[in-house]
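Annotated in TrEMBL:
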| type | residues | note |
| --- | --- | --- |
| TRANSMEM | 20-42 | transmembrane segment |
| TRANSMEM | 48-68 | transmembrane segment |
| DOMAIN | 51-286 | domain 'Fatty acid desaturase' |
| TRANSMEM | 80-98 | transmembrane segment |
| TRANSMEM | 148-164 | transmembrane segment |
| TRANSMEM | 176-196 | transmembrane segment |
| TRANSMEM | 202-221 | transmembrane segment |
Amino acid sequence: MPRYLDDVQRQELQNQRQSWLWRCEWPTWAVIVAIYGGWFGVALNARTLGLAPALALLAVLSCWYMSLQHELMHGHPTRWPLVNMLFGLAPLAVWFPYEVYRDSHLRHHDDAHLTEPGRDPESYYVSPEQWANAGPVLRLALAARNTFAGRLFIGPWFSIAASWREAAQALVEARWRIVASWVAHLVALVLLAYWLDSRCGIPWRAFVFGIGYCSLALASVRSFQEHRAAEHERERTVINEAAWPWRLLFLNNNYHAVHHDLPGAPWFALGTIYRRWRDAYRASNGGFVVRGYAEWASRHAFAQAAAPVHPFAGPLDADIALARRDDAAPLAS
């Protein structure tokens, strides 16, 4: 559900929803064309470009594709979820089936439990129990993950391992919808890897690690310190006043507090909304504002942004564990 700053904002945005721009969403359609055209155009010309430049370009485009997938799962560019899903099924970013990513991400939008381990699937915190059970190597890795450098280099491994663990658990628990999503994703991934190797001269290892892992690492720039543990819900989500290349790459999701308040607002409107109510948003999120990703890099390159253990999350119980099951219908955006 949208969470407006006040009735004035509510009325203005309800009027905007009826505008031609919000209804046709041509900027999102342009991004779809640019991503698919760019990705396959670069792949087909990889031999001419050279492997290293091609991989670098494809990693950036795959990161942009993940930003597009995020937009699709929030109800854009059409009103029909099935149509939107079709634009996000291709395994261009390698690691996650669209449906699994969608279900997990929409659970993340339960702002009442944002950042809480076990409740928020995108939390970078662990519970006191998890920390107590972790060995010294895992503790070191968890601490390193909360640095900017660690988030880029080892952070993706945590995400990949968690997704594989969830896939194995879905198989054991006979959650066939999730299993089917993984099977379809892996089949498409094998076919795409074969085509890249045979037609474009891109070996599967280069696809998986040079494109897939690097795109996930690049996406980790955005997720670094995107949320923090705070007593008040609205103070948990950052506003990052990033430069325009980052804003385009992440489809304005750097204005993350605005997105969490208005998850149904299209990406191209988030910057305008933020500038229109800039002071109000900065006040409502407790001043959790940074002036670009370079600020995070300079402050936390090798220093933790937060301790790994969540400061006030309670223990998991059976009801919470049951709620994590993916067989439930996805939450509305």
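Backbone N, Cα and C atoms are what each Cβ position is placed from, and that goes for glycine too.
Outside the transmembrane segment (202-221), and at least 6 residues removed from its termini, the chain residues within Cβ reach (under 8 Å) are 43, 46, 51, 54-56, 58-60, 62-63, 65-67, 93-95, 151-153, 155-156, 159-160, 192-194, 196, 246, 249, 293. Taken together, the residues of the domain 'Fatty acid desaturase' (51-286) have an average pLDDT of 96.
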